[in-house]
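Participant: First, the structure itself, so that you have it in front of you.
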Amino acid sequence: QEEKLWYAVKLSAYVLSTSVLIITALVNSLSWYAQAIWEALGHFCQTAWLSLYYQFGGDKWTIFLFGAVVVPSLAFWCFNGILLVADVTGKPVFITRYRIQLGKNDPVDTNKLRQAIYTALFNQFFVSLPMLVPMFYVMEWWGNTFSKELPTFRWFLVELSVFTLLEEILFYYTHRLVHHPLLYKNIHKKHHEWTAPIGVVSVYAHPLEHIMSNTLPVMAGPMIMGSHIVTIATWFSLALIITSISHCGYHLPFLPSPEFHDFHHLKFNQCYGVLGVLDYLHGTDTVFRQSKAFERHRVLLSFTPLSESIPEAPKKAE
């Protein structure tokens, strides 16, 4: 019995020591490769930024317009251009089969869509663009925005976290404010003309709402942090794409779930925020949490539409 016990101890020690050696070797190798990739990526980004910087002759205003206007606008319209093809033609089926509100916008009303596009363009170029003028002078005052040296990736992640937190707070409370009866009828009702939203509707709003809820919450973070223009361009682009996903009407595979905000357009008095944290704290997501939409509110990791795998409960016969 003692011999068996001693053999078991030796075998365990051998397996454990071998495992530790293998894991250590793998970790060291992976760390080395990760560090090499990190440095190469950082070098590439720094070189590309300097090339762009000198291409614009170091002119701050031109660089600011390119980063804060051109890059985010291209990201928004390229992404929504793909969605608009699906909205208007019903193809490709790979996109339209993931429609959240079945039977809605199938196809989209072209007159209503035309008005949405005109309003979106107006808000972007006649509301958001003028607001960037004072922002430019604030960023110039900070002195970091147009630096030839990019921020570290770790600091970039810290800033994104701050931006996201500020946007959640500012958007939630300004959004609830425009739902007040005194403001809803004359301001926010325009946005809610779309009970089944599409991507471009993310910036379809009354100009005052576009200032309060769409633009200021996104601008606040970079202005407070004194962010680099590359960080600003990335953040603005991400914010526009994410709000487009939230409004797109399709729960597409491997993208963030749009169920939360789609439910807001469907029910009006639920799900006011972006992340849902403040909705949970204020109890403005209770109906959502009891719905099928809440069960579907996750990243889709397969190609089966959630409307099929988690269908609505059959309606009771009257």
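Cβ atoms here come from the backbone N, Cα and C positions, even for glycine.
Since we're looking at a predicted model, the values are computed, not measured.
Here TrEMBL flags 162-284 as domain 'Fatty acid hydroxylase'. Look at TrEMBL and you will find 12-34, 61-86, 121-143, 155-173, 224-245 tagged as transmembrane segment.
Could you place the listed features in the three-dimensional structure?
Facilitator: Distant neighbours of the transmembrane segment (121-143): 60-61, 64-65, 68-69, 73, 76, 203-205, 207, 210-211, 214-216, 219, 222-223, 226-227, 229, 232; these residues of the same chain sit at least 6 beyond its ends, with a Cβ under 8 Å from one of its Cβ atoms.
Panel annotation: around the transmembrane segment (224-245), residues 45, 49, 63-64, 66-68, 71-72, 75-76, 79-80, 83, 139, 142-147, 150-151, 156, 159-160, 162-163, 166-167, 199-200, 202-203, 214, 218, 252, 255-256, 258, 274 of the same chain, lying at least six beyond its termini, place a Cβ under 8 Å from a Cβ of the stretch.
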Participant: What is the pLDDT of the domain 'Fatty acid hydroxylase' (162-284) when averaged and given as a whole number?
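Facilitator: When the pLDDT values over the domain 'Fatty acid hydroxylase' (162-284) are averaged, the result is 95.
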